[in-house]
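In what follows, a structure is listed as structure tokens, so that the remarks can point back to it.
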């Protein structure tokens with residue numbers, strides 16, 4: 001943070017800096033080497049945990065200071081990046097670590113510092129190395145005096161940042177690893193199938209080899225006329241063209257377009273018939289030349305009728321260039337179409353500047369951010385610029401000047417021009433169902449920007465991860481945007497290389513003579529490649545971020561994804577964006593030899609699922625399921641904080657901090673949701689267990705109730721048996737022993753005999769097995785003994801009318817045994833007697 005760094009009395013911006021020497025005065029106290037204890041021990045490269053796969057250290061410098069943050073550390077040059085390791089934490093410093101391919105240029109500088117001591121007029125110098133990146137950063141390293149470390153680092157950067165051969169890039173050294181790249185040709189055909197309404201077909205390499213991919217619908221067809229790139233070397237192997245135009249007519253039309261880039265379909269609506277096509281400028285020249293084949297091909301784009309009234313579809317030809325530039329190109333054989341030559345057409349000029357204007361604008365914009373940022377390359381905060389608090393002190397003229405500098409850079413104006421042109425195209429296609437043909441000069445820079453951005457607005461599919469990949473591969477890679485030239489990397493060129501490459505179809509790259517012979521052609525084209533460097537693709541991604549800001553619910557991916565995606569493109573770590581065309585990538589074997597950027601990003605997302613920072617939390621498929629048609633007032637662009645400010649203003653670049661907070665809340669909500677689901681599942685389990693217990697309890701209650709009823713019934717039966725037996729003149733005792741016994745006592749024989757009653761399972765014991773057996777103890781009194789001790793006997797003797805005088809009870813021979821003991825209110829239960837197996841033989845006297 002700027003606030004935590006000590007202030008400087010003099011800014012390096014006030015010092016006139018030359019390429020090799022810089023004179024000035026001031027005090028760089030944080031760079032005093034007496035205050036820095038550089039690490040002199042060597043770092044073990046074998047155990048260096050921060051190196052990537054196949055990354056190796058080429059050179060290193062110790063005691064180096066990163067001027068932007070006043071941090072001392074060790075600077076490494078590897079075959080992939082410039083890596084700065086802090087001496088204090090031994091961690092990588094992100095600001096001081098930059099891939100070699102992302103470095104636009106670097107310079108050695110010498111700052112001469114006047115001593116502040118009054119006793120001496122000597123001056124000292126500081127040896128600096130300035131690194132200017134393509135990702136909006138400017139960093140400066142300061143090296144120890146009287147050492148050769150800066151020269152060694154500079155020489156290593158000179159060898160590695162601009163390699164002469166494409167195979168010297170880290171992408172080829174690393175290889176595909178686990179991020180293998182499936183054939184982009186297959187993915188291109190699948191996208192064509194989707195546009196034709198035949199998404200149920202799936203392309204394959206076998207389909208490409210046997211040529212069976214040439215499908216069609218009522219209006220369009222897939223042509224294999226460029227299968228061997230004989231029609232156009234910068235076009236894909238398959239083209240989507242009007243169905244009623246033959247391949248011979250396409251060949252004739254190619255002669256009328258710059259670099260043979262004929263009009264080809266980029267997107268079409270199978271329902272309305274609206275179409276968006278692209279091409280290069282026509283070769284009309286100053287003589288206003290015409291081509292019948294070209295006019296027929298362009299007319300075929302709008303041949304389909306728009307409605308039942310036979311209304312002809314309107315044709316718009318959108319020229320991305322300023323009108324004066326198009327006219328100037330006419331003097332060199334190019335130019336623009338004439339509406340009189342193309343039936344019912346309208347020519348529109350968008351006025352977007354060329355690649356050189358974009359490169360200069362980008363450089364001014366980068367300088368503005370570095371000058372007025374919190375972590376500037378001179379180590380000074382913008383608050384202390386020009387020796388005063390220009391922002392906080394109320395120096396209005398200085399504030400206005402800085403704002404004017406931002407406007408003078410022109411970057412945001414260029415972004416707005418691309419956005420406005422793309423919105424106009426999308427509106428014509430969506431609202432009028434028109435046919436729009438877009439081109440610039442060569443048809444691979446501004447054309448790619450406009451067409452792909454219009455596709456993004458028209459088709460919701462392109463606003464998903466899968467669709468975004470398909471869009472980039474179709475309109476940027478397949479249609480030949482020269483990435484190697486625009487990023488400033490080496491590429492292949494020259495027919496001799498191609499012939500040699502075809503001659504040796506097999507063999508490793510290390511031993512191939514093609515790679516050795518390509519060096520001279522690469523070296524001769526190095527200055528040309530540097531002149532063609534331009535941040536065209538970066539500008540397009542900037543436009544996508546502006547749409548994401550305007551429509552936060554329309555995109556599946558987030559701004560963080562765009563930043564990581566752009567970093568991967570600029571780093572050249574993967575092979576997807578190497579070379580200038582599909583043909584060159586095929587010749588170099590990029591798909592087989594290098595890793596895949598898309599697989600790498602997908603692997604990053606898979607680690608955290610939907611909670612990953614690449615996912616847009618606010619994405620709603622139903623909210624924007626149609627085209628996005630932003631009005632002109634909504635297209636005013638602003639800074640893209642996550643990318644533009646991340647190096648110069650790291651704290652302010654966290655404009656996505658709110659999104660990060662929302663993401664954390666979403667993660668917590670997801671965790672709570674999962675916890676809720678687990679709790680609900682447990683609650684359901686508990687409810688099910690309770691229901692089972694309730695059922696068991698009900699069953700137990702029923703069993704208990706049955707047992708009680710059986711017990712009551714048994715009690716009643718026992719009482720009845722007791723009364724019945726007592727009516728026979730016996731004493732009955734019921735016990736809970738396992739056997740039933742009958743005790744018979746006879747006073748005549750003065751003996752007591754115990755008879756064991758055989759057990760029979762009674763009716764109630766069969767119903768309830770848990771009931772204990774009953775035992776009955778019966779005592780029989782002799783007939784001639786008056787049972788005076790028995791109340792029942794006394795009653796019987798008193799009331800019995802059958803009693804004979806002088807004799808005792810004659811039971812069971814008496815009639816009362818057959819009539820029942822009605823006189824005492826008792827009645828024997830003979831059925832119970834039978835169940836107890838009580839027979840007369842038990843009562844016979846011996």
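Each residue, glycine too, has its Cβ placed from N, Cα and C.
Among the features that TrEMBL reports, active site, phosphocysteine intermediate is placed at 440. There are 28 other Cβ atoms within 10 Å of the Cβ belonging to residue 440 (active site, phosphocysteine intermediate).
Under the heading substrate binding site, TrEMBL lists 354, 355, 440, 441, 442, 443, 444, 445, 446. The 10 Å shell around the Cβ of residue 354 (substrate binding site) contains 17 further Cβ atoms across the protein chains shown.
Residues or ranges marked as domain 'Myotubularin phosphatase' in TrEMBL: 200-644.
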Take the mean position of the Cβ atoms of 354, 355, 440, 441, 442, 443, 444, 445, 446, the recorded substrate site. Which other residues of that chain put their Cβ within 8 Å of it?
320, 447
Considering every residue in the domain 'Myotubularin phosphatase' (200-644), what is the mean pLDDT value?
86
Pairwise Cα distance for residue 440 (active site, phosphocysteine intermediate)/residue 354 (substrate binding site) [Å, integer]
9
Cα-Cα distance, maximum over 354, 355, 440, 441, 442, 443, 444, 445, 446, record's substrate binders, Å
12
Neighbour count (Cβ, 10 Å) for residue 442 (substrate binding site)
19
